[in-house]
Amino acid sequence: MVMNRVIINFIFLAIGSCGGPLMLRLYFHNGGARIWFSSFLQTVGCPLILFPLLFSFLRRRCLEEQETTSLFLMKPPLFIASVVVGLLMGFDNYLYSYGLAYIPVSTAALIISAQLGFTALFAFFMVKQKFTPFTINAIVLLTVGAVVLAINSDSDKLANETHKEYVVGFLMTAGAALLYAFILPLVELAYKKSRQRVTYTLVLEFQMVLCFVATCFCLVGMLASGDFKVIAREARDFKLGESLYYVVVVFTAVIWQAFFVGAIGLIFCVSSLVSGIMVSALLPVTVVLAVICFQEKFQAGKGVALALSLWGSVSYFYGQIKSEEKTKAQETQETQLSQLPVTDSVA
């Protein structure tokens, strides 16, 4: 049952992690220019979560013999935590959208790969995640990869883009990676400190509140920047046509919601670190798809960064496998020792 949930959440994560950045790039590539609006799209699909929540409520109502069934399971401590995380996520979405407006998807994906190391670091302090030499090796490799991208920035700028815009986009994306790396273990910590039994239904409720708060955060930004006044004009001027503009908008919202379902679900099923690992493992796929779909440059610097990203991810996976094998061996040894017969000896 747990493995089935892990697989399902990984599929959602794969769809969102690979498709979400491509949809945002499609929006910016064809004339879209509203940063707050693109940030808003990343969480506005949260009403879709109401369908599984309604199914869960009806199922509980049939199984429980009580006269009244609670519509929501979330208690105040976890609700407050979801609001705080939602505000952080809204800001993170803004940083990511701002970055993706000025740098290629493949470059953004490789920068985001650095979040694995930061996730491990934050998880170590926040949820007592164990460190290994392989973890440290992965952090170093992913950081060096990001530095290589920064050094080769001049050859990777989009058309009609200044060096200043590229640098700002690079820094914004790096900031988004750092903040997201903090959010993942923060969610896991919220689960552990919730003072109530965490079920998958409760996880969906947490995500619903989180995404709703993040959407409201971006909505305020849209109102302040006047996005609502120009969306209709932007749709008319969209290179792919007005009707396809709204198709891109809807699919962007749906695909990003799949990402959040998968990421938050994996934290519940396994851990925040595994969720971060899965995101990093999917980044090379995103890089390849970006090069194919948008004919983005794939020069030597980006190739080195991709190799370091893959090396860092493989290093971490190998370290986790060795750590699990060691833990299982210790548990087996302890079990065997506890089963040994106890005999009384007379001197």
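Placement of Cβ uses the backbone N, Cα and C atoms for every residue, glycine included.
According to TrEMBL, the protein has these features:
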TRANSMEM  7-28  transmembrane segment
TRANSMEM  34-58  transmembrane segment
TRANSMEM  78-96  transmembrane segment
TRANSMEM  102-127  transmembrane segment
TRANSMEM  134-151  transmembrane segment
TRANSMEM  166-187  transmembrane segment
TRANSMEM  199-224  transmembrane segment
TRANSMEM  244-270  transmembrane segment
TRANSMEM  277-294  transmembrane segment
TRANSMEM  300-318  transmembrane segment
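Each of 34-58, 244-270, 277-294 was scored by its Cβ pairs under 8 Å to the transmembrane segment (199-224), and the highest score goes to 34-58. With Cβ pairs under 8 Å as the measure, the transmembrane segment (244-270) is packed most heavily against 7-28, out of 7-28, 34-58, 78-96.
Counting Cβ pairs under 8 Å to the transmembrane segment (78-96), the stretch among 7-28, 102-127, 166-187, 277-294, 300-318 with the most such contacts is 166-187. Remark: the transmembrane segment (277-294) contacts the transmembrane segment (300-318), by the rule of 3 or more CB pairs under 8 A.
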